[in-house]
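**Student:** The structure is given below, and queries will be raised subsequently.
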Amino acid sequence: MPDVEPVILVHGGAGTISDFAKAERVIAGVKEAAKKGYQVLRSGGSVVDAVQAAVELMEDNEVFNAGRGSYLTLDGEVEMDASIMVGSDLSAGAVTVVKDIKNPIALARLVMEKTGHVLLAGEGAKRFAVDQGVKPLEPGALVTPATLEALAKWKLKHGGAPSEMGTVGAVGIDSKGRLAAATSTGGREGKMAGRSSDTCMLGSGTYADDEIGAVSTTGHGESIAKFCLAHAIIRGMGNGESADEATKKCIDVMTQRLNNTAGAITLSRTGEVGIGFSTNRMSWAYQKKNKLYFGIDKNQCSCDDV
Ligand code: ASP
């Protein structure tokens, strides 16, 4: 395999993102995350280190629906899901319904590296975190005034409207063509306690295979899970479609068949970029060499020199 130009591509979630000031913060957040991931790669980190670092930065930024800033369950609690996958050997780890963990993506990585399992849930996942030296936060530490307000509003109108903000995710490729993907979420607005999302499901929220490509998705989780959106995109590329074709086509088909919206970011094994969403907006950014590309609206792409 000839050398590949490294890329770190991130998304900050598909949604309506109707508030102008919020959109600005979201765009700044994805740009920072893509740059962070690229820096990690450039300073000798692995591609999995890079996607993890990019996602952690967004988990720590309360403008995003992941980590602090996650949407609340109907009971007013934060319950998060995350998954991470390495394309060279298909190793993967995930967590679901975890509470009081600052960086669920780091815990998913520990599941991948320190257990013989793929997915740990709830209390067991938290106990594993403690065993691994991860100190849980005080209950409520991940709740923000904005998410409390969002829950109150959701209850008043009793749901229905598409989410304002989605999941966060990152995909990366290094110069040797090694791929990784990582996705983390607080889930959907108005979700029941104990609900698991597509984000913790390999093939739905996250997938990476060095022979084909890497994908991270966002949007209506139940539909993404039924459609196995990440793997559908991988299959499309396996059948000869470009990363962008496969991404846009699968999102269109999923949206038509299941009548719900989604978004995804994709890298092919040669480092081609795919970006698609059927929501109004989806923030994304990627760094390749010294260029940082980013956008939030359909058919929009801006570029900074970095
Ligand atoms: N896919 C996430 C979920 O259903 C939410 C999102 O990305 O908007 O929990």
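Going from the start of the chain as shown, residues are counted 1 onward.
Even glycines carry a Cβ here, placed using N, Cα and C.
What TrEMBL lists as active site, nucleophile is Thr167. Taken from TrEMBL, the feature substrate binding site applies to Arg195, Ser196, Ser197, Asp198, Thr218, Gly219, His220, Gly221.
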**Student:** Scan Thr167, Arg195, Ser196, Ser197 for recorded positions whose C-beta lands under 6 Å from an atom of ligand 1 and note them, or write none.
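**Tutor:** Listed by sequence, the hits are Thr167, Ser197.
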**Student:** On a simple 10 Å Cβ count over all chains shown, which one of the binding-site residues Arg195, His220 is most densely packed?
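**Tutor:** It comes out as His220.
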**Student:** Report, as a single number, how many Cβ atoms besides its own are within 10 Å of the Cβ of Ser197 (substrate binding site).
**Tutor:** 27
**Student:** I'd like the number of other C-beta atoms within 10 A of the C-beta of Thr218 (substrate binding site), please.
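**Tutor:** A 10 Å sphere around the Cβ of Thr218 (substrate binding site) contains 34 other Cβ atoms.
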**Student:** Cα-Cα, whole number of Å: Ser197 (substrate binding site) versus Thr167 (active site, nucleophile)?
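**Tutor:** Cα of Ser197 (substrate binding site) to Cα of Thr167 (active site, nucleophile) measures 10 Å after rounding.
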**Student:** Considering only the binding-site residues Arg195, Ser196, Thr218, Gly219, which fall within 10 Å of Thr167 (active site, nucleophile) when distances are taken between Cα atoms?
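**Tutor:** Near Thr167 (active site, nucleophile), where near means Cα within 10 Å, the binding-site residues are Thr218, Gly219.
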**Student:** Which entry in the list of recorded positions, Thr167, Ser196, has its Cβ near the fewest other Cβ atoms, using 10 Å as the limit?
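**Tutor:** Taking Thr167, Ser196 as the recorded positions, the minimal 10 Å Cβ count falls on Ser196.
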**Student:** Taking DSSP three-state, what's Gly221 (substrate binding site) in: helix, strand or coil?
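**Tutor:** Where Gly221 (substrate binding site) sits, the three-state DSSP reduction gives helix.
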